[in-house]
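J.: Before we start, here is the structure in question, set down as structure tokens.
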């Protein structure tokens with residue numbers, strides 16, 4: 001066309017997937033980031049402390065780089081893999097080798113399948129399953145000796161955070177209630193193929209034996225309330241009208257049940273499956289705070305409570321009396337240890353105040 005520009009039409013092509021070992025395209029959306037650094041693989045295996053008699057659980061083995069090293073030192077390896085292409089690649093890689101009889105591959109979702117017995121778990125996992133997988137492992141019986149797992153770095157630092165740290169949260173408290181957690185090493189994103197968008201860390205998790213003598217539903221109820229506003233004093237948190245109303249309702253219900261049973265209620269023995277109630281950690285991954293908004297909300301609620309009288313005011317005095325008894329009124333959840341929370345929960349329960 002005269003006076004005009006000739007425009008060439010470009011055909012849009014679908015983005016190509018990069019193919020790595022065995023010609024298999026890895027899918028980032030599924031968390032498929034394979035360790036490519038052999039020295040790093042060797043270091044992870046060494047830090048796992050695997051014995052020749054150990055059965056090792058590997059989650060997300062991919063093409064088997066870590067699997068091969070595990071088979072060299074362990075009695076046997078059970079590998080759980082969701083992707084059928086990776087399962088086929090694993091079987092092909094070790095078929096006809098001396099390791100083939102000591103490798104069992106389970107195809108399925110690790111969060112849904114029943115895990116077999118294992119002594120140690122070593123895994124480079126999809127980061128989107130970090131929280132539910134951590135607590136599924138901690139709920140597994142019989143308890144394993146330790147787990148050495150690659151996590152997204154921020155999640156890993158939350159696991160090992162101490163009271164007063166910026167990243168200290170419900171995830172930190174609940175995990176450390178059930179296990180001793182330690183940071184082993186930081187791993188840069190270029191050690192993977194394809195490289196993820198964030199750095200990673202390897203963490204060691206050792207389950208506590210025996211488990212603390214506590215109702216995990218009660219524990220999580222208390223900790224959840226305290227960490228909703230972790231930088232507020234407990235005295236401020238437990239003065240909220242809505243919270244006092246909920247606790248008083250639970251209190252009256254339990255009192256009525258005790259009267260109808262003509263005796264004190266006997267708590268059921270806590271089973272290992274109860275640990276699963278601690279797995280709901282999604283909101284803990286948010287770093288945002290709404291302290292100013294919280295101040296406004298709490299001031300209004302405090303005024304409502306302060307203006308009340310009678311039975312509600314008496315229950316409020318009961319709750320605040322528990323905090324005063326343990327010297328918790330001016331303390332903040334962000335600086336409380338597991339021992340502090342256990343003591344606080346015991347004081348509330350002795351007063352007949354429950355959180356589940």
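From the backbone N, Cα and C atoms, a Cβ is placed for every residue, glycine too.
What TrEMBL records for this protein is below:
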- 33, 35, 60, 81, 109, 124: S-adenosyl-L-methionine binding site (BINDING)
- 1-12: compositional bias 'Basic residues' (COMPBIAS)
- 40-209: domain 'Ribosomal RNA adenine methylase transferase N-terminal' (DOMAIN)
- 1-23: region 'Disordered' (REGION)
J.: Let me know how many other Cβ atoms fall within 10 Å of the Cβ of residue 60 (S-adenosyl-L-methionine binding site).
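T.: Excluding its own Cβ, residue 60 (S-adenosyl-L-methionine binding site) sees 24 Cβ atoms within 10 Å.
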J.: Among 33, 35, 60, 81, 109, 124, which the record lists as binding S-adenosyl-L-methionine, how far apart in Å are the two most distant Cα atoms?
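T.: Across 33, 35, 60, 81, 109, 124, the two farthest Cα atoms sit 21 Å apart.
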J.: Among all the protein chains here, how many other CB atoms are within 10 A of the CB of residue 124 (S-adenosyl-L-methionine binding site)?
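T.: By my count, 26.
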J.: Can you tell which of 81, 109 has the most other C-beta atoms within 10 Å, given these are the binding-site residues?
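T.: Answer returned by the neighbour count: 81.
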J.: For the binding-site residues 33, 35, work out the Cβ neighbour count at 10 Å and name the residue with the minimum.
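T.: Taking 33, 35 as the binding-site residues, the minimal 10 Å Cβ count falls on 35.
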